[in-house]
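The block underneath contains the structure these notes are about, expressed in structure tokens.
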């Protein structure tokens, strides 16, 4: 009951947030100097044709009126159609969300699985050799531009070494995708015992997931190290040492006491990585939500951009909610308020 | 033979400055004292004098860049300062128990207090968990925690400061220690709670025949609670002896100044010894007697390192003019 009330309250708090997101995105794309009309009309269009398109899209109305119309439609679950593809934005987003989540999940998962132990080990022996090596690597991961990392891994592992398949989407062109169950080729292939599809989907995924993992792991290593060092010099750990608890017990305590701050950090990082992921998707022709958003922005597809940003906001809200619940479960001092 | 005897303990903080020159903070310079079973030794001194550092050096809890560079601490026939961390872990929390100054933040926030008591007992004494549980309840009872059974299920953040300190004391008692080190155990507590905790400690010490090292900056606490006193200044014990004797006849000018500066003495209108001044720079201690720059009685002799002189049996002071500083020398100007 308490949990339910908490969830309800959180859900209600999200509403003004989303209204703000919708409003700001709506206004930003319109005052941002993008003009979709030119692209839609083509180079030979006359003034009259321009005006007709403008009227059709409703761009001749006042900004405020346009917003009210859009907001009214959104409230009824109608996110509009992409002006360039004429497909409903909602369908596009739902279809591509799974594709992106798949990449995000494996990338961040791998990055976290590597980053947290590395950061912890570095913290247990600060300034040791392991710490120094991991610090340099993490700095490197921080500083490498995402698209450059993508291009270089393709160059090395596909072009030079020939270990990876060409970076052309989520499954080899020669393999037919398995029928959709979840939308992830890998999982669908495995579920349907379509090993060929699963194998190809996996091979396609290796490089982009590795790139995501590198970019995710770098700050996780740094943060985990800092958090664990903090915990190591905190009163409970110093007291634990004073009461003669053996090192392995102390380390388990450090791990547990670092859990909440690390989890919180990873949560915020995930929401930030969504932006980074657009570039990875772009380089590897992944065809997910990030690539969709990037395309929509560069081509002035207003409804698509609005839908994309709203989807990201919703994603962040959900991630934060999940983190809050996990923290509540891990931390006796927290209260569901 | 004393339970714990510390001889010539020296601890330095060794670091490098921005130009990579080695800098040494002489935090402990020749600390010697001993303590017997059933006795309570109070260590007093101003902030930075090295009280807590002495306890940390003895128990091997120093963290870099602090390091014991000389002297030794012998506990129950074993040399603590020569032990590995693993060996020390079998002594700490078992034979030497600690009570620290921030009880509320020192307990593991993610473990129920009863489980923490059990954990300490399991780690050091082993045996069936049920026995440890039983002992935890008994110890909680012994330190005056009402309804131990339900308190054992509490989280640390649900305890008041006084209650948390009682838990820490119970934790210290879990493995029947021979030596209890209480590092400012009442600093963060209300005055009434302070008194309760001190009474509790005194009662337990008498009943359990432990030796106790009480670190404090409160002379009143020492006067009421301790058998012996050691006064620290600039990383050295400048005076030590039986409490009554030291309070009646302070042999070191610093001790005399401390005692004269207690509220009771100030109110009674006794002539106050000139006192105060900046804490000494541990990176650059004055030559000879370290108290010289602040000492109103300092003379030419004080430029040489002072000897430790015994004025009456067991009462020693680190001063050229121990016991006679105010007669031996007229103020410098």
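The count begins at 1 with the first shown residue.
Even glycines carry a Cβ here, placed using N, Cα and C.
Where the annotation comes from TrEMBL, it is an automatic prediction and has not been curated.
Annotated features, as they stand in TrEMBL:
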type: DOMAIN; residues: A:97-327; note: domain 'ABC transmembrane type-1'
type: TRANSMEM; residues: A:12-33; note: transmembrane segment
type: TRANSMEM; residues: A:103-124; note: transmembrane segment
type: TRANSMEM; residues: A:136-161; note: transmembrane segment
type: TRANSMEM; residues: A:201-221; note: transmembrane segment
type: TRANSMEM; residues: A:262-285; note: transmembrane segment
type: TRANSMEM; residues: A:305-329; note: transmembrane segment
Among the ranges A:12-33, A:103-124, A:136-161, A:201-221, A:305-329, the one whose Cβ pairs under 8 Å to the transmembrane segment (A:262-285) are most numerous:
A:201-221
If I count Cβ-Cβ pairs under 8 A between the transmembrane segment (A:103-124) and each of A:12-33, A:136-161, A:201-221, which range comes out on top?
A:201-221
Non-local residues, at least 6 beyond the ends, that sit with Cβ under 8 Å of the transmembrane segment (A:12-33):
63, 66-67, 70-71, 74, 300, 302, 305-306, 309-310, 313-314, 317
Can you name the far-off residues of the same chain, 6+ from the ends of the transmembrane segment (A:201-221), with a Cβ under 8 Å from a Cβ of it?
102-104, 106-108, 110-112, 114-116, 118-119, 122, 134, 137-142, 144, 146, 149-150, 153-154, 157-158, 164-165, 167, 169-172, 184-186, 189, 262, 265-266, 269, 273, 276-277, 280-281, 283-284, 286
